[in-house]
Amino acid sequence: MTQQEALIRALPKVELHLHIEGTLEPEMMFELARRNGVKLPYDSVEAVRKAYDFSNLQSFLDLYYAGAGVLITEQDFYDLTWAYLKRCQADNVVHTEIFFDPQTHTERGIAFETVLAGIRRALDDGRAQLRISSRLIMSFLRHLSEEDGFRTLEMARPHLDRIDGVGLDSSEVGHPPSKFARLFAECKALGLPRVAHAGEEGPPEYVWEALDLLDVCRIDHGVRALEDGKLVERLAETRMPLTVCPFSNVKLRVFDKLSDHTLRVLLQKGLCATVNSDDPAYFGGYVQDNYLGCARELGLSGGEILQLVKNGFEASWLEEGERGWWMGECDIIAEKFGV
Ligand code: ADE
Ligand code: ZN
């Protein structure tokens, strides 16, 4: 094991960009399909994995929404979330802020409460039994209308004590943040922190809109911000976090290969870049795998690894005291590695 690899494994980590529906491994997809009597268009786990050869974001989303069709009962959502949390435990992920996409399920006739209850119960058990803290972010699907988003917010209204913030995801190009300005203003009025996917496939203008019209506190992805020097300055000055997902960017062809990824450039420009997995069951690895892959392919130094991990804590919604404590822990561990 290289020193960098040992350092990555030893450091406590957070994850800030993870779609819980994107943790549905093919094995669980088959198990839930069997349990719920759902017919899948594949005859084996291998056939499912073979289909994960994407040409862009949309080609992935088509499979991702189809796969989510096996999730029916509260226990299904619990099992999905619990399996992810066990993986966090194995990878030394101590805090995670996960997205769920209620519209993916309510559109199929699954009750909002069923989805929320299953995920929430697993997160509560994760806190109690695995000592993993978490936040839950309700993400709106941007290919649907703003009115549909408002209807979803109404479903969520009685449960806002169990939802920590809102996000915006799905097909980016053609669905700019401005489409959701009124919905996000309402979420702001309700006191919900906001994040949005922007600058994944979409242009830097979408990142500006997320900042200025949606008043977000993090940008999900944001890698295309590098095309706009003024935007980079704004992001650096405000330490606006970017939740970067390297494996995702390669699988969805934002970059040809991991060694082309601009993660290190983002750091060098003083941006609060963080490392995340997005949809690990579809993209070939969980957050620790993303760190390990980037360290190997980009030749990250120990100092850069430490910075990325600490950026994650800085960008998290943990209480300030907890954030500082974990960052101190990171420094102590890194020092043992001579970093
Ligand atoms: N939903 C799940 N993964 C996503 C991604 N990478 N971009 C947009 N929407 C998503
Ligand atoms: Zn995402």
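Residue numbering: from 1, along the chain as shown.
Keep in mind that glycine also has a Cβ here, set from the backbone N, Cα and C atoms.
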Additional site residue, Asp124, Asp278, Asp289 [criterion: listed by TrEMBL with His17, His19, His197 for Zn(2+)]: Asp278
Greatest C-beta neighbour count within 10 angstroms, which of the recorded positions His17, His19, His221: His17
Number of other Cβ atoms within 10 Å of the Cβ of Asp278 (Zn(2+) binding site) across all protein chains: 29
Nonlocal residues around Asp279 (substrate binding site), in sequence order (Cβ under 8 Å, 6 or more apart): His19, Glu21, Gly22, Thr23, Phe60, Tyr64, Ser248
Reported mean pLDDT - the domain 'Adenosine deaminase' (12-323): 98
Recorded positions: His197, Glu200 - member with fewest neighbouring CB atoms within 10 Å: Glu200
Entries of Glu200, His221, Asp279 (recorded positions) sitting next to ligand 2, with Cβ under 6 Å as the cut-off: none
Cα separation, His221 (site 'Important for catalytic activity') to Glu200 (active site, proton donor) (Å, whole number): 5
